[in-house]
Amino acid sequence: MADQIPLYPVRSAAAAAASHRRAAYYSAVGPGPGADRRGRYQLEDESAHLDEMPLMMSEEGFENDESDYHTLPRARITRRERGLEWFVCGGWKFLCTSCCDWLINVCQRKKELKARTVWLGCPEKCEEKHPRNSIKNQKYNVFTFIPGVLYEQFKFFLNLYFLVVSCSQFVPALKIGYLYTYWAPLGFVMAVTIAREAIDEFRRFQRDKEMNSQLYSKLTVRGKVQVKSSDIQVGDLIIVEKNQRIPSDMVFLRTSEKAGSCFIRTDQLDGETDWKLKVAVSCTQRLPALGDLFSISAYVYAQKPQLDIHSFEGTFTRDDSDPPIHESLSIENTLWASTIVASGTVIGVVIYTGKETRSVMNTSNPKNKVGLLDLELNQLTKALFLALVVLSVVMVTLQGFAGPWYRNLFRFLLLFSYIIPISLRVNLDMGKAAYGWMIMKDENIPGTVVRTSTIPEELGRLVYLLTDKTGTLTQNEMVFKRLHLGTVSYGTDTMDEIQSHVLNSYLQVHSQTSGHNPSSAPLRRSQSSTPKVKKSVSSRIHEAVKAIALCHNVTPVYEARTGITGETEFAEADQDFSDENRTYQASSPDEVALVRWTESVGLTLVSRDLASMQLKTPSGQVLTYCILQMFPFTSESKRMGIIVRDEATAEITFYMKGADVAMSTIVQYNDWLEEECGNMAREGLRTLVVAKRTLTEEQYQDFESRYSQAKLSIHDRTLKVAAVVESLEREMELLCLTGVEDQLQADVRPTLEMLRNAGIKIWMLTGDKLETATCIAKSSHLVSRTQDIHIFRPVTNRGEAHLELNAFRRKHDCALVISGDSLEVCLRYYEHELVELACQCPAVVCCRCSPTQKAHIVTLLRQHTRKRTCAIGDGGNDVSMIQAADCGIGIEGKEGKQASLAADFSITQFRHIGRLLMVHGRNSYKRSAALGQFVMHRGLIISTMQAVFSSVFYFASVPLYQGFLMVGYATIYTMFPVFSLVLDQDVKPEMAILYPELYKDLTKGRSLSFKTFLIWVLISIYQGGILMYGALLLFEAEFVHVVAISFTALILTELLMVALTIRTWHWLMVVAEFLSLGCYVASLAFLNEYFGIGRVSFGAFLDVAFITTVTFLWKVSAITVVSCLPLYVLKYLKRKLSPPSYSKLSS
């Protein structure tokens, strides 16, 4: 039945014919360059078929015609253009369209990236101009700062509306009151915003300047000169010392290491902690001195800049020799920017700079992030504007459209403009600054820095947390924890027993032999008078330790010293074996941990080159082994091997170690390996199985001849080489099982548990291997012990992706582990289905992810779920992900400051994210929600009073309050108490951390929604009506004092409403209340002319004696109580009948 279901369902015969025509076209064109690699738009084999099984949730996603998936960009554009021609049905229209497209392409055209020829040490020979080698995290420059900031502000409806209102005051017929009444608040808002952006931009400028000003040694004809990183050009010869950052993409020409190779750390580029071995160009490495680089005529041909950090194609040519020397260049001859030199000193020629480097091309441009709260408030202001227009139209309608009604309509729009409060932006921006200050001053999260002060509320709305692994969840330090021999297991507390066995073994070797045959000593020792069991265990320990000390790709490097020539030299093995002088370098931290462990038990690696390695025994004897063959680790084989010959005995041994899934079929039958591997995995240990096989000289010579022939094959070289190696991998002797732990950051487990309880789904995106990522996910409790893990098997085409997605769909409540390659294939065909399924998982682990893939995953989550995302990382490879997320958090740690500098928030440890979210994020959101709604209430209530006042005066467009009263109402009279809400909190910080479930409520957005907004609108209408009608009813005899009466009651009502809203009092809140009340009382003495109806024209001024009477005071108090008391009663009843989640904790 399976082969009856087509892989690509075709809906019509026409579609099928079109598909065959495309296939014929591609066949005719030919493979073209890069045909050996599967491209993004490459056609799949349409003869494949799917198994019979139900499709997933979205049927359309699986039944689309294959033309939707397999059309090349060029073919797609051609098809679109033909459709456009047919649609317009006119040559002149098509000509106009083409001209417009050409103009758009000219205006938006980017510089085309091209391959280049780079002459060594001759930047002036470059044919084209290349970008500056500078790091830029700034959003603006000197010319775009003011326009950019103004655009970012006036794109908000609130600010644009007030700009229009303020400009309308220049029209005499529309003028209401004084100009400063409108322009002063708007100017203040813009000044605060520009100042804040200027400070943030200046800080980014300083950080960029610090990175761009790092000094490097540049090799010239006259010698070495110091040059800034930003001044490096294509063609320069740059010298990079050990532990120094590589400033630009270079081709590796020369090193101080005599082997002609060095190690670099790439964790800031790809997230992998494995050190990468780089090989210098042999032609330049053989030159006697550095200055000889200028005595030859040589150039590098490099491919055009591209995103892929794992590939490079180029050639090195020396044309002053006869015949010219040509060397092919690959990824192992390159030094990418943002990597760190781990050994020796390197010299390279710069081929890419600035935005053409791999690291920058994999980093997205910084964008202006707008918080969800700001977007929600922007929607509410649009609703308020609609209410403003409706109210103005109603007033004009009730006026009977008398006279120039359109002028009255605009005047009403201006009179009620306080429905949309301009002080909203001021209060929110000042609140954000206060939240940032509180975060940086929190002693429980020292070193935390707020770099983007506009989105602190985002910390309280997060649903997805995407985290890096290396250096973020882990300390990036491997520690040897367990050695298992099958019958006996050794842990950290019994390592001294292993050390004793090794010491006794080699001491007896040294005493029983005269250096003639040291390797046979353990066998003779095992035949001594000691018990048989003890001898067996001791012999097995000896063999296991020796295998671990030999089977690796670790190189010991000794501390550098300066030679006579001025070049860096390194201590050789026969010169200096001091332990404090030695460091280990390898492509895997696991291997370094194993070699360090063998050193701790007595067998030390002291020297290694391409042909041999030397071990030092506890007795001080040096054992030399010739390296005959080396089989490096690959993700496909999951194992590595080495064939060595003992120089003392001429014994040839094949050692191998690898993952249990790969080694279980290679080693001899045993009954303990699978069980013990499972036990160690449950402890969070990374396991490796070690085995050996002894070879005779004849066996090795036969293997070597077959292996050499396979390596010379032109076709299927990889498969043939693997087949020859597999002929040795049979019935190998199982020596031991090792367990290594990648130590987690402090308090990672409780922090992840807290985040899960808070309703945050955690995704781990790492460039590391699948096995490593899975192990860390278990040990960190990202995946709980009771949850199953679904490892998404590798897929390469649409059919395989379909099958695997259907298999994954049947799983329930299991974590997903998927590799970057499989992820890209699935996203190419079934993007929506994969994201939908992944979002249902309790945890997701994506391994082997490139920086661009990390950013793409974040973008997909934002687009498909519409939920708030947060990305956290500590390396340069995490910058794109951090910038793509709604909220980016950088950890300043061992991998440098690049992620920290590009993030919105910077912390020093992963565990700090718990308090940052549970306490500061939660408080920031709830405070801003309350502050925003209270400010809108403040504008609505005064607009309601204006509407009542106008209706009393026969719907005349006459202002109730003018001049300083309107400015003071939103500033000195009520601003301090309202702004003091930024100090309010519903529960104590300790409770918020202890009960992270409180955070989960925030993701629903109930603190600020249309429901709560409508409640505040009703409160405003009620209070505004009570204040105005109460003033008119109670003071009918003294109608001339309505302004003073109503305004006084209004101020008291606002102060009481703030007091009723506050849940936790702070001494500054009390000060704010009394300070505002004092300012109002004091202003009555010198602002009496503002409190009369119509002021001078009516001859009405405030009677100071009147406001001091008991009648005035009790009637104002009565109005205020009537406006506030019912609301307090309703609030009290609601808390009793339907208490919020935090009320029990706060009580």
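Here the Cβ of each residue, glycine as well, is placed from N, Cα and C on the backbone.
Relative to the membrane, GLU112 and PHE1035 are recorded by Swiss-Prot on opposite sides.
Of the recorded ranges 145-165, 409-428, 963-983, 1013-1033, the transmembrane segment (1042-1062) has the largest number of C-beta contacts under 8 angstroms with 963-983. For the pair formed by ARG848 (ATP binding site) and ASP468 (Mg(2+) binding site), distance between Cα atoms is given as 11 Å, rounded to the nearest Å. In the shown protein chains, 24 other C-beta atoms lie within 10 A of the C-beta of THR687 (ATP binding site).
Taking Cβ pairs closer than 8 Å, the transmembrane segment (1013-1033) reaches residues 380, 383, 387, 933-934, 936-937, 940-945, 947-949, 952, 1039, 1042, 1045-1046, 1049-1050, 1053, 1057, 1118-1119, 1122-1124, 1126-1127 in its own chain, all 6 or more past its ends. The transmembrane segment (145-165) makes contact with the transmembrane segment (409-428), as judged by at least three Cβ pairs under 8 Å among residues 6 or more apart in sequence. Over all protein chains present, the Cβ of ARG848 (ATP binding site) has 21 other Cβ atoms lying within 10 Å. In the three-state DSSP scheme, LYS657 (ATP binding site) is classed as strand. When each of 174-194, 940-960, 963-983, 1107-1129 is checked for Cβ pairs under 8 Å to the transmembrane segment (383-403), 940-960 comes out on top. All protein chains included, PHE633 (ATP binding site) registers 21 other Cβ atoms within 10 Å of its own Cβ.
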